[in-house]
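Feature annotations, courtesy of Swiss-Prot:
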- 1-22: region 'Disordered' (REGION)
- ALA477, ASP503, ARG514, LYS527, ASP575, ASN576: ATP binding site (BINDING)
- CYS631: active site, glycyl thioester intermediate (ACT_SITE)
Amino acid sequence: MSSSVLSKKRKVSGPDSSLDSSWSPTYSVMFGVPPGPTNEMSKNKEMDIDESLYSRQLYVLGHEAMKHLQASSVLISGLQGLGVEIAKNIILGGVKAVTLHDQGIAQWADLSSQFCLREEDIGKNRAEISQPRLAELNSYVPVFAYTGPLIEEFLSGFQVVVLTNTPLEYQLQVGEFCHSHGIKLVVADTRGLVGQLFCDFGEEMILTDSNGEQPLSAMVSMITKENPGIVTCLEDSRHGFESGDFISFTEVQGMSELNGIGPIEIKVLGPYTFSICDTSSFSEYIRGGIVSQVKVPRKINFKPLLASLAEPEFVVTDFAKCCHPAQLHIGFQALHQFCTQHSRPPRPHNEEDAEELVTLAQSVNAQALPAVQQDCLDIDLIRKLAYVAAGDLAPMNAFFGGLAAQEVMKACSGKFMPIRQWLYFDALECLPEHRVAFMEDKCLPHQNRYDGQVAVFGSDLQEKLGKQKYFLVGAGAIGCELLKNFAMIGLGCGEDGEITVTDMDTIEKSNLNRQFLFRPWDITKLKSETAAAAVRDINPHIRIFSHQNRVGPETEHVYDDDFFQKLDGVANALDNVDARLYVDRRCVYYRKPLLESGTLGTKGNVQVVVPFLTESYSSSQDPPEKSIPICTLKNFPNAIEHTVQWARDEFEGLFKQSAENVNQYLTDPKFMERTLQLAGTQPLEVLEAIHCSLVLQRPQTWADCVTWAYQHWHTQYSHNIQQLLHNFPPAQLTSSGALFWSGPKRCPHPLTFDINNPLHLDYVMAAANLFAQTYGLGGSQDCAVVAKLLQSLPVPKFAPKSGIRIHVSEQELQSTSATTIDDSHLEELKTALPTPDKLLGFKMYPIDFEKDDDSNFHMDFIVAASNLRAENYGISPADRHKSKLIAGKIIPAIATTTSAIVGLVCLELYKVVQGHQQLESYKNSFINLALPLFSFSAPLAPECHQYYDQEWTLWDRFDVQGLQPSGEEMTLKQFLDYFKTEHKLEVIMLSQGVSMLYSVFMPASKLKERLDQPMTEIVSCVSKQKLGHHVKSLVFELCCNSDSGDDIEVPYVRYIIR
């Protein structure tokens, strides 16, 4: 928009706003006096970060990037479905301010994906209608609506400008101005099942962190004195570095020159070795050292839109379609020409318009530079682009809205690698697998809310979507996005359709940052009810029912055969593997499609499970997380993760487990009997803890609680450390002559209590208050009172104990756990405990750890306890934010990833509802928006097994009718005979769940007794549980021999009893 391209007073207008909204709103570019919103935005001062709101996002972006976000104003031009998705995500993300620009009015087709519009809003300005609804998402982000022309001074007030679904001429003009004035530009466009994204972040963008991963660190075992020096790390884990990484050293003994020098670039030589700078003039290496990765900022540059259009760089999203980006780059330019000539997009599935677009694409291709020109234009791809270009799909907008919003955040913060510079994505496999005569009249608009979707798929699929019955498990971040998309596409919105959503959780403040159906006034309300009400507001036709049940064995009377058999599919929105596995098993049993997805920060994945066609979720699993050895936690920590986990275990032992044991001892007559049957030293440990709680340490006053906390501080941070050093002095050598305190074992030192040290006082305050709470006593937050009490307390004396065994390995620990305990000491403890009848009415109050309440002392205790132990061992402390992440096992989350992932889920939903039967039509996906990385692959087919000539997969089973025509139930003998005669299988073992019902190795008397018993009677007898009235069938597992006596693997049995 420099004067060389456009005069200062010239105005460029797009098509009239009364035209088809799938083309564009009215666009104006004008230079002159800036409008009002810029002045209002200047009032938005820099504010502190609300960690209770942004906590999950902060674990993705970090505080520094978040501060940059809060200093950035963003303009979004174009408020159709894609624009509103981007706006939603960046408002939730917490930028300084957002201005919504649109001169177009809401039309019926907009309701296919624009979730801020209602049917009564038709004919009103999109930006003005969207502004108050988007402003509710985040009270920290002012949201303005602007419907006038864009002018130079106005654009100059923004750090980032986003253009959505805009004409190419308009993009070029705005792009030139933004590039020349240092304003970051994002251009996004979706056309039915095809989308485009472009980024221009200027010529000198500073990238502070390309991947967002936590800096790696490793322990050093050797550094050579040569050029270049070779560093070898301890062989307990790979260092994980890459050539070109920068690192720094600390705690190196001998070659101390390396400590504290600037970041050193490395070259990786192997999984445990890498080379550094010239170390030949340094001192000899003796021992120790920690090497840590350093994120070094670097500059990256971008071409302006015009130059990049001619010589594009592409981010490939699907390597099965690696030729598509260049083809679609030509196709989109042709599409812009078509729209300019006709003031509309190609008509849905119209052959005449498709032919014209192909001709235009051929012309564009012929004029393209050699680097872009395609030797062979993909005519079929260009035709499909024409067929769907008039469409507007909520899932595509959700996917591109997540990507574009993440690019906006990158532009604001310099965090994560931007898209350089073009990204194209298509989901054309969502169209019918067999190209039947797609009747154009089936895709024409009917002035209803699904017109944008009907333009792509036709009215028949719309009707089918309305009849679907789906079960959504979870109403958190993914659940909210799924429900929004379900409402937009019309899933379960017909007379015969329905959506059932269940979630037992209530809404917390930290949810509001990414679970966008919830508002501040919804805090403490049930998620499922609130989410259902919110999507009814988006689409009043949706038939949705909310439950508050956990999905598991205990609710199978609710989610029973009748419930599952009526479903068309299930969508998971869960946050733990066990629940996912359970739902997956149910879907396999009832042969229902499953849409599975998950996110972790900027990473996300989608898996589609289709009966008989794909493997199930349970067919493959990630390896289990590596746990911290107990000996490391108890005595030899070397990382802050170890001390935080130790503090977390302390919390459970001191304030929960002990109180629960006391209450069970006082109320359960069989508690003592069960405790004495525990393995190893557990009986002694449990009874000692109860004795302490009821006798030795039972407080009567607040002052007693302070005394206990003070004494416990000395036990943990002084006495226990002195005892450890008594057993293993600092200079102790191992049997091989090496220093005991070396490698991963850090030599600790005891602490001396200092009343003027805030960390020491924080520990006593938190521990004393929590201890008081477990006894129902009142606490105090008055530090002065606590300090005064502490001044009067004597310092506990330490005397080393002999005979104390400290385990230095897991093997030692396990061997000790198998040893017997001192029975006489156990009897003494049992005698010393007050009997329950002497403590009638007394009870303790166990505390459940809650990380997100900053007033309950829970995190105060964790932070203080962990950092004091870190000080013991010379480990760098962690702030409250990082400690909460580790202690609370928080899953980092951001709205952008959720939006993108759910968009991909719903693209798979289109295929499932249509009944696609080709495996390659479906796409499992993994994305990492930080890199950016996109990986799509066809699902795996289920593993095939065989017995005799019968092939089977996990989807197959034996269906056995348990009720005979006579009305009597099949006996065990009849069951065994059935498999012998009908399938030539000799059953040698039969089980149901964990219950063994039959085995050839059973005692003859038991076998004779069971053979004539009905199957359900045997199940009830063995499991000691009566079958509920909701149970209509049972699952049996078989071990069988063939007729030749060989072991063979066979499917499970569905035994039908009702």
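Residue numbering: from 1, along the chain as shown.
Cβ coordinates come from backbone N, Cα and C, glycine included.
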Cα of ALA477 (ATP binding site) to Cα of CYS631 (active site, glycyl thioester intermediate), in Å and rounded, measures 38
Among ALA477, CYS631, all listed as recorded positions, which has the most CB atoms within 10 Å of its CB? ALA477
I need the most crowded of these binding-site residues: ASP503, ASP575. Count other C-beta atoms within 10 angstroms of each C-beta and give me the top one. ASP503
In whole Å, how far is CYS631 (active site, glycyl thioester intermediate) from ASP575 (ATP binding site) when you measure between their Cα atoms? 30
Rounded to the nearest Å - Cα separation of LYS527 (ATP binding site) and CYS631 (active site, glycyl thioester intermediate): 41
Measure from the Cα of the residue listed as 'active site, glycyl thioester intermediate' to the Cα of every one of the binding-site residues ASP503, ARG514, ASN576, then give the nearest. ASN576
Just report the maximum Cα pair distance in Å for the recorded ATP binders ALA477, ASP503, ARG514, LYS527, ASP575, ASN576, no decimals. 18
When you measure from the Cβ of ASN576 (ATP binding site), how many other Cβ atoms are you left with inside 10 Å? 9
Name the residues of the same chain, 6+ apart in sequence, whose Cβ is under 8 Å from the Cβ of ARG514 (ATP binding site)? ARG56, GLN57, LEU92, ALA477, ALA893, ILE894, ALA895, THR898
With every protein chain in view, how many other Cβ atoms are within 10 Å of the Cβ of LYS527 (ATP binding site)? 27
